[in-house]
Amino acid sequence: MLLQSCGRRACRLPRALRRQAPLGNLGDRACLSCTSLRLANKMTVHFKYCTSVAPVYAYSKKDHYCCWTKGLERTYFTLMSSSGSWTPLAAMGVLGPKYLPVRWWHSSRSLQDDSIVEKSLKSLKDKNKKLEEGGPVYSPTEVEVVKKSIGQRIVDELKHYYHGFRLLWIDTKIAARMLWRILHGNTLSRRERRQFLRICADLFRLVPFLVFLVVPFMEFLLPVALKLFPNMLPSTFETKSKKEERLKKQLRVKLELAKFLQDTIEEMALKNKAAKGNVTKDFSTFFQKIRETGERPSNEEILRFSKLFEDELTLDNLTRPQLVALCKLLELQSIGTNNFLRFQLTMRLRTIKADDKMIAEEGVDSLTVKELQAACRARGMRALGVTEERLREQLKQWLDLHLNQEIPTSLLILSRAMYLPDTLSPADQLKTTLQTLPESVAKEAQVKVAEVEGEKVDNKARLEATLQEEAAIRKENEEKEMERITEAAEKAKETLQVAAMKLESAVDLEPAVLQVKESQVAMDSKQELAKADMETLKDTAPVLEGIKGEEITKEEIDMLSDACNKLQEQKKSLTKEKEELEELKGDIQEYNEDLQEIKELSKAGQEEVVEESKASKRLTKRVNRMIGQIDKIINELETNQKTVDVKLDRGDSPPAGENLISIAELINAMKQIQKIPEEKLTRIAEALDENKDGKIDIDNVVKVVELIDKEDVDIGTSQVAEIMALLQKEEKLEEKEKAKEKQDKEAAEVKN
């Protein structure tokens, strides 16, 4: 069970406490929301942090009734209260074990969006399916090609090369700057990495011969780069064996480089020989209709082009008022930086997407009224004062738009945030929502639609999209810098206040005592300042200290990452590297299968109209060669580890799990890196222990840390636990989907 902050309408709180409620710190009070857990009874449960309850032994006082109901596949917790006010924790009486894991399976797709090849395959399959079913298919209007004069063609060609060379120069500058940051050990944010990936794909597309120059040059200079720039990898890679240290560094860098090159391959658009080049023009006309002329496009146009405004693209370009409105609608914290608001919205949208798949599998009719209300409320739809038939109808409409029509969740939520009348059709609601999107979203979507259809993208459009994203990155970095300056100013102000208080108290002392006091302060200045700081916070704002302790800063996330690397080094474990290598091989296999399927579906007679670019083919060969080198390094490291293990004493029993560590081990490792209060270390470690058995999987912790590190946000311990659970559930769903795909392929082979 995960604690979530409650909305303003959910409770009546004192003003001071209400301000802190969105941050997830309610003192003696907390709200356990069952919106995302989809419990049987949608009542507000009043607990403090993690509640100690167990089946049969749970009881309560003051007209509360609670019980556990265990079904075939679910475990429900039901609580009914006759009191609308908040009840302190003392009102609950609980016996039994300290924690009870309630495992209700939320699953969603991984954070990465579909690649260009996967989107092209989906678009092609969707067209063929609609043609077979006889449904409406969007077909662009046939425009008579006007033959241009020689002078006009020369001007167009000159403009094309001008924008192409300008794009090449700007891409080279940005790539060099980001590469320099990577070499100096700086981590790229999610937005910067996406920009770097797109730029590398553009460079290889503009100059395919770069594959023969850049990639071998990078591989050859890897040992030199590791010597010249030791900060590329954390200090935890330093071991007693120089050879082992060198091999591990090479393994890590080669693996990251291979993964990045494979992502670059998937980012490169395919070439469609049959493409007429009208898609970009059609999209511009469509957006001009809904933004300027007021003309209503067809339903097929609206549904087709709405798919392009993906969650990541939409959220990254929304203004702050729009982000705040979405957070309030979804009952999320609406205070914080834009980056933080986007992060928590992304996590919530993934949860909603997972729930949609589960509800579609079970059927809307199987949900109770309470579950229907919870599901509709979580999606920003009316849940109170609505009949049961209306609840089922609007939820079915949502599932049809989201899962069948593949409309992004962010657009659907935005349409609900605008409180449009229910009489509007879904297409009209989407049209009105698209009108509110910033102009910057349209430019990126225009490039995306051409890439998906396999058409040639104009260099000018690519250049505008690149400059626009670069401006957004600069603005984001400025916000982070302002936030750091503000935090530093607040800390300096607090230190000055503490020093002023000490001087005021010292004035009243006698001269002799004053000298002793001054020497004592000089000797223990750091400890005294920390103590006085804590006492000051307790005296003036008791709630703020709780918030301070619950928040995990960026520095503490880095410290947690270093601690995990040290523990992995102690266990001599290469599990993470093996998993990443297998995942990379799976990505390559999936890419090749998708590519082959696209060629078969788009084949015109005996001629293949879709083909890879030259740069993509050359990069694929390089990645396959690097995978062979990575396999050799892993085998060499494993051979060395086996040799060392034979020399060790065999009397000690092996650990219960290769990657499992105790909470105490993680806390001790974090203590060695940075001085953090014991209580906070314990809370961080317990947040990572999902099933509360005292054991933590290091690899799962590393995945959570990498996700948070890319976003560069400060989050609470409860959110860390939520992310931990979400990533584990995504892995389970991915395995389930792979098994289903395998069965479908086997069934298709049997039919053929």
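Numbers here mean position along the shown chain, with the first residue as 1.
Heads up, the Cβ atoms here are built off N, Cα and C, so glycines get one too.
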If you look at how Swiss-Prot annotates this chain, which of 225-257, 687-719, 720-752 comes out as coiled coil?
720-752
Grouping DSSP H, G, I as helix and E, B as strand, the residues of the domain 'EF-hand' (676-711) number 25 helix, 3 strand, 8 coil
Summarise the model confidence on the domain 'EF-hand' (676-711) as a single mean pLDDT, whole number.
73
